[in-house]
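K.L.:
Pulled these features from TrEMBL for this protein:
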| type | residues | note |
| --- | --- | --- |
| DOMAIN | 96-222 | domain 'Palmitoyltransferase DHHC' |
| TRANSMEM | 12-34 | transmembrane segment |
| TRANSMEM | 40-59 | transmembrane segment |
| TRANSMEM | 146-166 | transmembrane segment |
| TRANSMEM | 186-206 | transmembrane segment |
């Protein structure tokens, strides 16, 4: 179990995420389902199903946030290049490992140093403030699950709001004008929130599935100059997708 990363941006994004989740649950139950379907059996069905998806989303988010993304263990003593010659491994394998001069970790191929977590991560994809953790070898599946459930809930929320607008509600005529205006205001805010989160997450989910299919992380796509679509540059600031270059922060064993 990983500790919470002390990153102000990440902590803010987590608080914002759960505030949005609680608000969406409140509006869907109070102002969409119970307000327009209170005499129908669809009301308990939608409440149970919506909260089931929310539970799955929360569990996947917490697992992505607190799971070890694949942190490379630190050496108990300072590692020098001369010490690496003594490693009892075949030369072919040894040549693929590198030395990180920032955390002084002897790391395997495809591992990269995260400046926020201050550790090297195996098969690091990027550091995401929305889970306040790196997306790496061990927690990428939880991150993908989180994105998938966000997409489902966003679409489900928009569908419920549209149904509440289209569906004839006999009880709604009994409410005063202030109550009707409050319902419309909450519904508009919720549908805007769902649309923005949905479009944003769909783009990230597409990139994650593309990276898994091509077996190439976001860092590797940047290093090897793979053509990047426009949305990746737009989201690079929001999701802190790294812009990595081949720097001197790592020393290859071949140079020994």
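Every residue, even glycine, has its Cβ placed from backbone N, Cα and C.
Because the structure is a prediction, the values reported are computed rather than measured.
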K.L.:
Take a look at 12-34, 40-59, 186-206 and tell me which one has the most Cβ pairs under 8 Å to the transmembrane segment (146-166).
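P.N.:
Checked against 12-34, 40-59, 186-206; highest Cβ contact count belongs to 186-206.
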K.L.:
On the 0 to 100 scale, where does the mean pLDDT of the domain 'Palmitoyltransferase DHHC' (96-222) fall?
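P.N.:
In the predicted model, the domain 'Palmitoyltransferase DHHC' (96-222) has a mean pLDDT of 87.
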